[in-house]
Amino acid sequence: GIGGAFQYGLQISIINSPAEYIKSFIRETWLKRYGSSPTEELITLMWSFVVSIYSIGGLLGSLSAGYLSVRFGRKKAMLFANIPALLSATLTGLSRLCGSFEMIIAGRIFSGVCGGLGLNIHLMYAGECAPRKLRGLIAITASTAIATGKFVGFALGLREVLGVDALWPILMAANALPALIQLLTLPFFPDSPRYLLIDKKDKEGCI
């Protein structure tokens, strides 16, 4: 679940802590770029984009999860979900350095795609790999991973950790770590038996 439902939980909670810092960054960037201070309504609109655009990315990820999991297999599709996560981390992590709040919005779209893919394929992959006796237990790992992700996001956002003005870009790029962990470990996991048998017609591999 580290690159699956965990990513969804992390992104849901991680955005709350740096809200004021990101609004200040948007204000400062706008002033430098256009020479005038933006209105509070405009700041609120931009912040709303940063928060809500995640759902659009999530919709795109969810809609493509079925196709990718059949076309490439559950494991490869899970690995693919880490690409938008790393793109998101790069864009949000470098946004202040580049002086672009648009990079935060783009990064949130990519993190939404990752969350949509991971949440759907996690359930599919874990459920199909689990022994019959453990299938129910394995299915709830998605809920556990979401809750763990929310907790980690909340903990990282504390002022004593990364929830300060100087470190919010690192906080926003924190989803790169679980993505890298999954990229390094998931290739050693087996493919889904159901995928091997039904989609690949590989009975021997399935057994």
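Placement of Cβ uses the backbone N, Cα and C atoms for every residue, glycine included.
The domain 'Major facilitator superfamily (MFS) profile' annotation in TrEMBL covers 1-207. The transmembrane segment feature in TrEMBL is assigned to 45-70, 77-97, 103-125, 137-158, 170-189.
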Query = the transmembrane segment (137-158): which same-chain residues, six or more beyond its ends, come within Cβ distance under 8 Å?
reply = 1-2, 4-14, 16-18, 119, 122-123, 126-127, 129-130, 171, 174
Key: Same-chain residue ranges lying at least 6 outside the transmembrane segment (77-97) that approach it to Cβ under 8 Å   = 3-4, 7, 25, 57, 61, 65, 68-69, 71, 103-104, 106-111, 113-114, 117-118, 121-122, 125, 168-170, 172-176, 178-180, 182-183, 186-187
Request  = Across the whole of the domain 'Major facilitator superfamily (MFS) profile' (1-207), what does the mean pLDDT come to? Round it, please.
outcome  = 93
